[in-house]
Number of protein chains: 2
Amino acid sequence: MAQQLMSARSQRTREAILRAARMHFAADGYQRSTIRAIAATASIDPSMVMRYFGSKGQLFDAALDVDLHLPDLTGTPAELLPQALITHFLAPWEDDLDEGSMRLLLRCAATNERAAEHLRQMLHEQFTSSLRGALGAERAAACSGILAAQLLGVAFTRYVLRLRPIADLPVAALADLVTPSLRTVLAADEG
Amino acid sequence: MAQQLMSARSQRTREAILRAARMHFAADGYQRSTIRAIAATASIDPSMVMRYFGSKGQLFDAALDVDLHLPDLTGTPAELLPQALITHFLAPWEDDLDEGSMRLLLRCAATNERAAEHLRQMLHEQFTSSLRGALGAERAAACSGILAAQLLGVAFTRYVLRLRPIADLPVAALADLVTPSLRTVLAADEG
DNA sequence: GAAGTAATTCACTGTACAGTGAAAATATCC
DNA sequence: GGATATTTTCACTGTACAGTGAATTACTTC
């Protein structure tokens, strides 16, 4: 891609902008984040943002390009599936190495159709491909909707709304709390 | 309140503004909604908004003042509790007589701390008071967090993110899909 | 139907912002 | 070390907006 053709310097600048943009978009949403503020955080001139990303909208698109990193769960015994799902699902939210890109996506999806489409696409792809091996294509498709709803509910409640007690629980306790429900969903579809 | 002192005409204007505001806030979020656009929808002059609500922020606060209308579930047999919960919870979203005020609250809570606080408060009060009679204060407090998370997940997925298939299901089918999980949550806490 | 009050409109201010383009600084190559 | 290309800064434009206050219109009451 174009990135490969860039000098190390512009590469660094580009990444600094992206990092700053993710922070701002995650904290304030799309509208309230200004190019100027993002540029200030990245310690560069606002017009650099235009140079590297063309417009605020394109910068946003670039910032949205994140990943759940759900592993392929093929071979995971049914018994352990709920635990594995919740653990892997929560991981990118908990240790946000990428400046909260998951939070950014969830928050912005609430008010921005572009982000919503991105999130829908991402959830669909990653859930079905992660579960296909373990459940078969048919059951994966049938379950993924309600599984996504439950996990999104937890993520929204914990990371965006910060509703107690869900927001305060250690991850392990949270996983224990949710696991039975996931198990129920997977079991209900078994028959 | 001040409303009682107003003429019928100003009462009507006030309500027209509020209705228009809820529509816009629900559709576009706080930032992207402009006083001008709200005024246009309500077919009045932008400065009327200022007259009646003081500022965009105060108008927003007024628009957020909504209710889940969860009934007191005292006396509902445990067996029927999940069904009753999901049905009553979904109702205000489904038939949005109030111009989508629930959607407005959920959407805006994602990026607006004022709305988030409002939603947290509302969920806490309404869930605990609705369940206290049926479960006792202790169990109500213990369950309400995870119940809220699950129901918020469904609402977010269906009404805000519009992720399929959850977004397309008839309410009854959706209720059937979620009921087992709610039952699991309530059962898990029983011991 | 005139006097007074409440509701509404209008013209305006200041500000914050996205985006532009030319100039300056910095690196790269011969 | 001068020429060329790339990165960065700077000064600017136009626009959209929240909010203000005076002028105007519509109601009410006597």
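From the backbone N, Cα and C atoms, a Cβ is placed for every residue, glycine too.
Summed and averaged per residue, pLDDT over the domain 'HTH tetR-type' (B:11-71) gives 90. Look at TrEMBL and you will find B:11-71 tagged as domain 'HTH tetR-type'.
Annotation source TrEMBL lists DNA-binding region at B:34-53. Long-range contacts of the DNA-binding region (B:34-53) within the same chain: residues 10, 13-14, 16-17, 19-21, 23-24, 59, 62, each at least 6 residues beyond the stretch ends and with a Cβ under 8 Å from a Cβ of the stretch.
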Based on DSSP, tally up the residues of the DNA-binding region (B:34-53) by helix, strand and coil. 15 helix, 0 strand, 5 coil
